[in-house]
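Colleague: The structure follows.
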Amino acid sequence: MTATRILVLNSGSSSVKYQLLDMRDNARLAVGLVERIGEETSRLKHTPLTGGGAESRELNGPIADHEAALKAVAEELAKDGLGLDSPELAAVGHRVVHGGLTFTKPTVIDDTVLAEIERLVPVAPLHNPANITGIKVAQALRPDLPQVAVFDTAFHTTMPESAARYAIDVQTADEHRIRRYGFHGTSHAYVSRETAKLLGKAPEEVNVIVLHLGNGASASAVKAGACVDTSMGLTPLEGLVMGTRSGDLDPAVIFHLARVAQMSVDEIDTLLNKKSGMVGLCGDNDMREITRRMGEGDEQARLAFDIYIHRLKKYIGAYSAVLGRVDAVAFTAGVGENAAAVREAAVAGLEELGLAVDADLNAVRGDEPRLISPEYARVAVAVVPTDEELEIATQTYALVNS
Ligand code: ADP
């Protein structure tokens, strides 16, 4: 029997998201999520997708750590005949947030690779430790199975130095590995490829601006299939206005908060990462709620929306300049795929750049990649649903079969 199944694990500090896929037809066999690991109120939600139905099962009650979480997931999978001991399981694909400059592509994990991911913890203190835990627990469960790391940063390693370096003292930057790494790379890679497909072209033939607008948000400029610039930097704080993150600001705001407002570094970190962006501007980070409030004439929600759109437009303009020629702008992730009002506003007034949105096409909802620009528009505007788990599974499967 050939092994064609891939388990995709996305381990966060207190959660594990997982999907089991069969790579013969990219079918999802099961999906699930363990939340609030380490608390009394942990929850495992497991949805088997074999056999037609999609009845979820929920386990509520304390799950002490990631090891207990993965064991519980393995038990749930086994109940559906999808156990991790199956010879059909080919590999586990792990989402790893930070691969630094070392990892430019998916990598089979051995002790050296794991040590390097650990060495990158100082530049990704919130993410890499959880990813490492997920890897170690999966290794312990199936020591014989290839474990593959798929890095959020890898797609951006093609950025030229002119885009990747901050204009600070080179020696200091190098000593502390300070540069722009970019994130959401699996999504930018997948969506830019799918956009080329939608245009009936090879990725090498097109230049695409990808706008990944979820709770976290980032833009990228993809030239002939390779990333040449992206809006997130050393950490996912830089760039667009996000659900709870500020995105770009004058770095002197930080000195000001420290000196004048007497805030500690940790307090400023929390302010900019968790209490800023849309939540800081209007108290809500869900675009559904923000647009609903705008409909009721809420001025605060309107201003937050306008700030969000203003930043987005600046990046579309900047990346049009970086790319020289733009073939498509692709909207993706929760906001990009669902919020027609955001897409319309982001493109409004950019006719000189060749951009326009057809109101009727923009209003259509769907799960498939689709064009929303009028036929006359020089640049295609597209909605392209992202699928990071499928991308991780595809890259993992390709690697173990190469
Ligand atoms: P992440 O993976 O970063 O947590 P997602 O890509 O799932 O985020 O996006 C989540 C966000 O998408 C929500 O916070 C909300 O703002 C937005 N969103 C989801 N559905 C809709 C919708 N129907 N209309 C507008 N915005 C939506």
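Note that Cβ sites are derived from N, Cα and C of the backbone, with glycine treated the same way.
TrEMBL does not curate its annotations; it predicts them automatically.
So TrEMBL says this about it:
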| type | residues | note |
| --- | --- | --- |
| ACT_SITE | Asp152 | active site, proton donor/acceptor |
| BINDING | Asn10, Glu388 | Mg(2+) binding site |
| BINDING | Lys17, His212, Leu213, Gly214, Asn215, Gly216, Asp286, Met287, Arg288, Gly334, Val335, Gly336, Glu337, Asn338 | ATP binding site |
| BINDING | Arg95 | substrate binding site |
| SITE | His184 | site 'Transition state stabilizer' |
| SITE | Arg245 | site 'Transition state stabilizer' |
Colleague: Is Arg288 (ATP binding site) helix, strand or coil when read with DSSP?
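Modeller: Looking at the DSSP assignment, Arg288 (ATP binding site) belongs to a helix.
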Colleague: On a simple 10 Å Cβ count over all chains shown, which one of the recorded positions Lys17, Arg95, His184, Arg245, Arg288 is most densely packed?
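Modeller: Most Cβ neighbours within 10 Å: His184.
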Colleague: For the binding-site residues Asn215, Arg288, Val335, Glu388, which residues place their CB under 6 A from an atom of ligand 1?
Modeller: Asn215, Arg288, Val335
Colleague: For Asn10, Asn215, listed as binding-site residues, tell me which one has the smallest number of other Cβ atoms within 10 Å.
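Modeller: Result for the binding-site residues Asn10, Asn215: minimum number of other Cβ atoms within 10 Å at Asn215.
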Colleague: Translate the DSSP assignment of Lys17 (ATP binding site) into the three-state scheme.
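Modeller: Its secondary structure by DSSP: strand.
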Colleague: Please determine which of the recorded positions listed here (Asp152, Asp286, Glu388) has the lowest count of neighbouring CB atoms within 10 Å.
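Modeller: Taking Asp152, Asp286, Glu388 as the recorded positions, the minimal 10 Å Cβ count falls on Asp286.
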Colleague: Taking the Cβ of Glu337 (ATP binding site) as reference, which residues of that chain separated by at least 6 in sequence fall under 8 Å from it?
Modeller: Phe331, Val383, Pro385, Thr386
Colleague: Using Cβ-Cβ distances, find the residues under 8 Å from Leu213 (ATP binding site) that belong to the same chain and are at least 6 apart in sequence, listing them in sequence order.
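Modeller: Residues satisfying the criterion: Leu240, Leu312, Phe331, Thr332, Ala333, Gly334, Val335, Gly336, Ala339, Val342.
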Colleague: I'd like the number of other C-beta atoms within 10 A of the C-beta of Val335 (ATP binding site), please.
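Modeller: Other Cβ atoms within 10 Å of Val335 (ATP binding site): 26.
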Colleague: Out of the recorded positions Lys17, Arg95, Arg245, Asp286, give me the one sitting nearest to Glu388 (Mg(2+) binding site) by CA distance.
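Modeller: Nearest by Cα distance to Glu388 (Mg(2+) binding site): Arg95.
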Colleague: Could you tell me the C-alpha distance between the residue listed as 'active site, proton donor/acceptor' and His184 (site 'Transition state stabilizer') in angstrom, no decimals?
Modeller: 5
Colleague: Which of these recorded positions is closest to Asn215 (ATP binding site) if you go by CA atoms: Asn10, Arg95, His184, Arg245?
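Modeller: Nearest listed residue in space: Arg245.
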Colleague: Please report the Cα separation of Asn10 (Mg(2+) binding site) and Arg245 (site 'Transition state stabilizer') in Å, rounded to an integer.
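Modeller: Spelling it out, the Cα of Asn10 (Mg(2+) binding site) and the Cα of Arg245 (site 'Transition state stabilizer') are 21 Å apart.
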Colleague: Using C-alpha atoms only, work out the spacing between Asp286 (ATP binding site) and Arg245 (site 'Transition state stabilizer') and round it to an integer in Å.
Modeller: 13
